[in-house]
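Taken from Swiss-Prot as is:
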BINDING   Ala304, Arg336, Arg353, Val354, Glu355, Gln400, Asn435  L-serine binding site
BINDING   Cys306, Glu355, Cys461  Zn(2+) binding site
BINDING   Arg336, Tyr337, Glu338, Arg347, Val348, Glu432, Arg468  ATP binding site
Amino acid sequence: MELKFNLKGAFKTSTDPTGAKEVIAQYFDEANNTILKKGAPEGQGAKITQWDIVDGSIELTIESGRYVRAHDAIMRLKKPLAAKLGKEFRIGIRGVDVKKFTISMPAEGEIGNMNIPHVSNISKVEGGLILELNVGESELERRIPDRILTLMEEKVRAKDYGGKAEHWQILWESDKKEHTFAGDPTQEMMKHGWIKRGASRGQWIHGPQSTKMFRTFEKIVYDELLEPLGYREMIFPKLVPWEVWQKSGHAKGVYPEIYYVCPPKTRDPAYWEEVSDHYKVTHEVPTELIKSKIGDPIGGLCYAQCPPFWMYLQGETIPTDEFPIKVFDKSGTSHRYESGGIHGIERVDEFHRVEIVWLGTKEQVIETARKLHERYMHIFNEILDLEWRKAWVTPWFMAQEGLTGLSEQGEAGTTDYEAPLPYRGDDGEWLEFQNVSINGNKYPSGFNVKSQTGEELWSGCSGVGLERWASAFFAQKGLDPENWPEEFRKRVGEVPKGIRFL
């Protein structure tokens, strides 16, 4: 099936246009051979297939393919027609009425149930889908039909990508190692009082021993990577409003995984008195009552750590000699709502991360990523002595832009670092414990960041998840310092004593 648009609409006029019928006919004939073909390959323009004057308005049907789309065609027709009718007949066009609008698009297999804004029905036919749109002139002007089509094409491509979220290609793998430990590190850390579950789901309280390990990991990253490569520390916000996620692109699909932030409707104590009184009497927090007193979500807690940083650069033009800009943030927690039941420290809702961000020309960004890979390899091989592998990962939304495959590995995409967890067995799933992403021009473009020379800017990011590092390291080495690599043991120093309980 080829992509087709079919729009039945009407120009609403200030008075009956019957007297102008001959002029309208001549204008539509000319338009079919001029403005409705402009910008399209031969034979690929839009076409008015029929029209008539009905109930004092000009009704018409427009059919088109991908190039001059029917909704663009009717808007192209409006202004010249209004000028012609106004000048010759003193008839005005008051607006466009969309009576029926369908898009036929190619798609194989089942897409599943969907509830798309401004789409009243989706029908499956041989070789494709038929979308019935519920739109008016305002939606045409805002290009809502184009956004609907883009969304549907993304969904089809995501499904055609094999039902997988990512494309995965191994790049490098360490030698297989003999592991001195085969237990679950989370259970072992709990058993020895290193960690305890927090009050919230997916949250942990880290005792002195675990905290010492996290600080050691951070120091290794700083000493071996951040300082030698010239990164500067910053503090990024941890409450992220919708505006940031709209510009970063996360607003397209972040909703199942974020913790939402809703402010009070007012800070007036009198407004909240009944909530306080309810708790004082019942010793129960009245969550339903609270829902009625808080505002709409303004955004969420930090999800991906780097987007808020970009507000610092938004709208700025940066001198050439400032590039590459290299910064990092380790100032607070990130939050993601994890599905399923109870997990260990390898999968948490609240986690600790060092976020590394860099910005420059395409060549500078790629070279910066290469140096990061070198330093990570040094850390994982020479200091932590891990068994691990490196894989090229292209999310499907990048794959649809042609960024998959070995030929693109030096450019946009993500490299994951994965480690086996011995307690999961020889065939167990490996843990992704580190990544390096080259994001192309996505963030500089989204936040309108420019170079002094006008050269296109790219960026990259790399998140050091301390829980993931701990999970990989302690799953392979255990908690006994005697089984740790000498270089790591030297950097830890003495493991602090935990807090004793009766």
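Placed from the backbone N, Cα and C atoms, the Cβ positions cover glycine too.
Cβ neighbour count for Val354 (L-serine binding site) (all protein chains, 10 Å cutoff from its Cβ): 23. Among the binding-site residues listed (Tyr337, Val348, Arg353, Glu432, Arg468), Arg353 has its Cα nearest to the Cα of Cys461 (Zn(2+) binding site). Glu338 (ATP binding site) is 14 Å away from Ala304 (L-serine binding site) when you measure Cα to Cα. Non-local neighbourhood of Arg468 (ATP binding site): Glu346, Leu431, Glu432, Phe433, Gln434, each in the same chain, at least six residues away, with C-beta under 8 Å from its C-beta. When other Cβ atoms within 10 Å of the Cβ of Cys306 (Zn(2+) binding site) are tallied across all protein chains shown, the result is 23. Checked against Arg353 (L-serine binding site) by C-alpha proximity, the binding-site residues Cys306, Tyr337, Glu338, Arg347 yield Cys306 as the nearest. Neighbours of the Zn(2+) site: apart from Cys306, Glu355, Cys461, residues of the same chain with C-beta atoms within 8 angstroms of the site's C-beta centroid are Ala304, Gln305, Pro307, Phe309, Asp329, Ile356, Val357, Ser462, Gly463.
If you draw a 10 Å sphere around the CB of Glu338 (ATP binding site), it holds 14 other CB atoms from the protein chains shown. In this structure, the C-alpha atom of Cys306 (Zn(2+) binding site) lies 20 angstrom from that of Arg347 (ATP binding site). Take Arg336, Tyr337, Glu338, Arg347, Val348, Glu432, Arg468, the residues named in the record as contacts for ATP: the widest Cα to Cα gap among them comes to 18 Å.
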